[in-house]
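This report refers to the structure that appears directly beneath it.
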Amino acid sequence: MKHALLALATLSALSAVAHAEEVVVYSARNEQLIKPLFDAYKKETGVDVKFVTGQEGPLMARLKAEGANTPADILLTVDAGNLWQAAHEGLLKPVQSKVLDANVPAHLRDPKGQWFGLSVRARTIFFNTHKVKPAQLSSYEDLADAKWKGKLCLRTSKKVYNQSLVGMMMADIGPVKTERVVRGWVDNLATDVFPDDTKMLEAIAAGQCDVGIANTYYFGRLMEKNPSLPIGIFWANQQGSGTHVNVSGAGVTRYAKNEKGAVRLIEWLSSEKAQNLYADVNMEYPVNRKVNVDPVVAKWGDFKHNYINVAKAGELQAEAVKLMDRAGYR
Amino acid sequence: MHGETSSPATTYPPGWRKPAWWPAVSRWQALAALISSVTVLPLLVIALSFADVNADIWAHLSEFVLPRLLANTALLLLGVGVGVLLLGVPLGWLVAVHEFPGRRVFNWALMLPLAMPAYVMAFTQIGLLDFSGVLQSWLREVWGSSAWFPPIRSRGGVVLVMSLALYPYVYLLARDAFASQGRRALEAAQSLGLSPWQGFWRVALPMARPWLIGGVSLALMEALADFGTVSIFSFDAFTTAIYKAWFAMFSLSSASQLSSLLVLLVFALIWLEQRLRGGRAYHAGRLAQPQSRLPLHGWPAALACGFASLVLLLAFVLPFGQLLVWVARVWEADLDARYIDFVWHSLALAIMAAGLVTLCALALSYAQRRDPSPTARLWVRLATLGYAVPGTVLAVGLFIPVAALDNLLIAWLGAALPEGTTAIFKGTLAVMLLAYLARFAAVGFSSVDAAMQRITRSQEETARSLGVAGFALLRRVHVPMLRGGLLTAVLMVCVDVMKEMPITLMTRPFGWDTLAVRIFEMTSEGEWERAALPAVALVLVGLLPVLLLARASSHTGAHR
C-alpha cells in the first residue's frame, strides 16, 4: 500500500515539486495584467514565475486548506480588503525589506510588512459634461445632498470597491455621519444600482443620470474606445481628506518554499523598471513615486490621496457592508 | 448474478455473519452510495460549518437580507419554472412530433443557447436593451424618448433572460420524451374521440412527466446556484447573500451555512415532487419506432416556424451576434496560439467528464431500478444535489478534503518523497474529473433516468427468461433502449463542463487553462468585449458535440 502510494506520489509530485529558483504565485489579478510582467522578470533574471489565477475568496480558502503544503510563495490580489483579510487569517508572513519600504508609501502597505500595494486605484466622481459644471461638485458626501435627487448613479454595494470607499468614509467621519450620507445617496438614485463601473459610466454618458462614482481606469478604457463621450472626471474631497484610493498588491505566503525569491519578485514589481508596466497596462497609478504616470492618465490631473492606511478598508469592510444594508443601498 | 428481483438483494461474503447493528445493504445501495460519496463529502464539509455559527452576521442577515432574498428566490423558482416550460415544452412537442419548414435545423439549433454561459447572455442582453444600450439609444434618437421602454434590469428581466438561457434543458428532455412515446398512444387517444389538442394535454404531456420534471429541476437548480446572471441584474438571490457573507464579511462559514440551507430547500422540493408522482409508471409499449411526423401546413406551420425562430433569435442569434461584433474589434490583438491549448483543454475535460458522469448516471439509475428501496433512492438523490450548490462553494467543499488528504499523506510518507513535494492528489486531472462528477451528476442522471422509466418490467422479465441477466441484461436490453437518453446526457454534461468556471479555477493543474478560465480572466475586470472571443470559441467548440451526436444518433427517433 505504502509503496503504491509512494510511486503515485512521486509520479504526480514530478509536476508539483518546485524548482529551487522558481516562484509560484496565486493571483486574483488576471492573467493579461500580470503575465507581461512575469515574462519580463524571466527575461531579466532567468527566474521562472508559475502562476494560477482565480477569485480572491477561493484562493485564500485554498491557501488555508493547503496549509504548510502550499506550492504558493506569493498571494497577489486586487484590493486592500482582501490583503488585510489574508493577513488577518495568518496566510501571510511579515517581510523586512528596505527596498519595499522605500518604493511603497506607508499608507499603501501593511504596517507589519505582510503585504505591499503595487498599484493605486483611485475611486472618484464622474459627471455628464452637458449637464454638470465641475464647480457644482465637491465631495462624496455632497452627492447625498437633495440637489442631486434623481441624478445619481451608483454601482452595487456588493462590489468591494464601494465597500472600501464606505469603510474609509467611516474611518474619516464616523459611522453615524457615514450612514446619513449613504441613505442620502440611496434617496438620490436615478435608477437601480449597476453591476459594474463601465455600465454606470455609460449611463452617465447616455443622460440617465448626471453624476456617479467609479474607478478611474474604467473611465480611461471607455474614453479610449470612444473619446467623444460627454463624461468628465472630478477629484473628490480635495478640500478635505483626499480622494479614496485602493491598491492591488502582494504578500509573501506564510509557508512560502522560496521566500527569498518571493521577496525579490515583489521588490522588482515595485521598482521603477516594472512599475510602469504594472500600472499602465490597466491605466492605474504606480505606487512608486519616482515613476511617472501613463501619459493618458496624467491628463486627468494630479490629486491628493486619502492618506489613511488602506488596511483600514479591510478592517471596517464587514461593518461597511452592514451599514449599507441598513441604509438600503443594494 | 442472482437475486435480481424487485426486492432489495442482500448478499454477504461467505463466512461473514451480519451483526445485528449492521444495516441490510444491497450491492445496489453500496454502488449508489459509492458514487454519491463524491457529492456527499463536499456537502458534509459545507454542513460542518454549523460548528462555527456567527450570531452577529446571522442577526444582520435575517433582519436586512433574508426577507428580500426569500421573496426573490420564490419569484425566481416560479418565474423560471414557468418560463422554461412555456418555451421548452411546445418547442420539444413541435420538433419531435410535427413536420414544418425549418424543423431539421431547429431540431439542433434550439439547443445552442446551452453552449453560451447564462451570464454572458445576460450581459449581451443588457448591452442591447438597457437605457444606454443599442436599442433604447436608437429609440431616443428617433422619438426623443425611451421612457416607455420596460427596464431590463428588473425582476422580469432576470426571469426572462434566465428562461431564455435555461429552456434548452426542458426542450432536450421534452423532445426525447415525445419522440420516445411513439405515435401509438396518440393514435389510441384519437380513436377514442380526443382532438389532437386534447391528446397533447391528456396523453402526451402526462406521459412526459419524468422528463419535464427532470428538465425543470435542472433549470431551477442552475438558477438557484447561479451567481453571474443575478449579479449582472443586481438581483438579490441566495447566491448573492452567500457571496456577501463570504467575500464581503469574510465569513466562509456563514456562506457555507446559507449554502446548506439552499441544498435543504432543493432536497425538500425533490422529495415533494416524488411524493406527488407516487407510483405512476411511464412505460412505452415498445422501443419507439422512427415515426412519421404529423405534417403542418398553412397557418399552423407558419406559427410553429415563427415561434421557434423567435425563441432562437432572442436566446441565441441576438446575443451571439453581439458577441461577434465585439470579437471583430478584439480578435486581432487577442487571438494567439494559446487558443489551441484552451480549446484542447476544454474539449478533453468535457469529453472525459461527460463519459464519467454518464456512466455513473447509468449506474445510479440502474441501481435504483434493481433496488427500489427508499435507502437506494436516498443515495441516488443525494448524488444529484451538487448541481444546486453555488459552484465556488462546492469547489471549496471539494478542495478542503483533498488538500487534507494530501497533507496527511505527505506527513505519512515524509522523507521518502522528493524534496519540496506539496501535492499528491490535488492538481491532478483525476480530482478535477471527480469534482465535475459531484457537480454534474444531476445533469446526466435526469436524462438517463427518465429514459429508464420507458422500459417495462415485463421487457426485463422476458429477457431474463431467455437467459439474459446481470451485466448482459443492462448491455443488451437497457442500453439500446436508453440510447437517446444517454446521448442527451453526454451532450448536456459536455457543454456544461465547458462552461463551468469555479471548479475549473480551483482544481485545474498548473497551466491547464480552458476557454471558461479565459472568460473569467476577462470578465473579472469588466472587459466584456474581450471576453467575447473565448465566449464565441466556447460556442463553436460546443457545436462539435452537438453536431457529432446529431450524426451518431441519426438512427434514434429523438435526435433525427
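In case you wondered, yes, glycine gets a Cβ from its N, Cα and C as well.
Just so you know, TrEMBL annotations are computer predictions that nobody has curated.
Per TrEMBL, the feature domain 'ABC transmembrane type-1' maps to B:70-271 (among others).
Marked as domain 'ABC transmembrane type-1' by TrEMBL: B:343-549 (among others).
The transmembrane segment annotation in TrEMBL covers B:30-51 (among others).
Beyond its flanks by at least six residues, the transmembrane segment (B:71-96) meets 103, 106-107, 110, 155, 158-160, 162-164, 166-179, 200, 204-205, 208, 212, 215-216, 219-220, 223-224, 235-238, 265, 304, 307-308, 311, 558 of its own chain at Cβ-Cβ distances under 8 Å. Sequence annotations record features per position, and here TrEMBL assigns transmembrane segment to B:71-96 (among others).
According to TrEMBL, the feature transmembrane segment maps to B:108-135 (among others).
Among the features that TrEMBL reports, transmembrane segment is placed at B:155-174 (among others).
The feature transmembrane segment is assigned by TrEMBL to B:211-233 (among others).
The transmembrane segment annotation in TrEMBL covers B:245-272 (among others).
Feature annotation from TrEMBL assigns transmembrane segment to B:301-322 (among others).
The feature transmembrane segment is assigned by TrEMBL to B:342-366 (among others). Under 8 Å from some Cβ of the transmembrane segment (B:342-366) lie the Cβ atoms of residues 28, 31-32, 35-36, 380, 383, 429, 432-433, 436-437, 440-441, 443-445, 447-449, 452, 474, 478-479, 482, 486, 489-491, 493-495, 497-498, 504, 512-518, 534, 537-538, 541, 544-545, all in the same chain and six or more residues away from its ends.
The annotation transmembrane segment is assigned in TrEMBL to B:378-404 (among others). Counting only same-chain residues 6+ beyond the ends of the transmembrane segment (B:378-404), those with a CB under 8 A from a CB of the stretch are 29, 32-33, 35-36, 38-43, 45-46, 218, 221-222, 224-227, 238-239, 242-243, 246, 252, 255-256, 259, 262-263, 266-267, 270-271, 360, 364-365, 367-368, 425-426, 431, 434-435, 438-443, 445-446, 500-503, 505-507.
What TrEMBL records for B:424-448 (among others) is transmembrane segment.
What TrEMBL records for B:481-498 (among others) is transmembrane segment.
A Cβ distance under 8 Å defines the sequence-distant neighbours of the transmembrane segment (B:531-550), meaning residues of its chain 6+ beyond its ends; these are 107-108, 111-112, 114-117, 120, 320, 322-324, 326-327, 330-331, 334-335, 339, 342-343, 346-347, 350-351, 354, 487, 490-491, 494-495, 498-499, 515-516, 518-519, 522-523, 559. According to TrEMBL, the feature transmembrane segment maps to B:531-550 (among others).
Among the listed stretches B:30-51, B:108-135, B:211-233, B:301-322, the one sharing the most Cβ pairs under 8 Å with the transmembrane segment (B:245-272) is B:30-51. Here the transmembrane segment (B:424-448) does not touch the transmembrane segment (B:108-135). Their Cβ atoms form fewer than 3 pairs under 8 Å, with each pair 6 or more residues apart.
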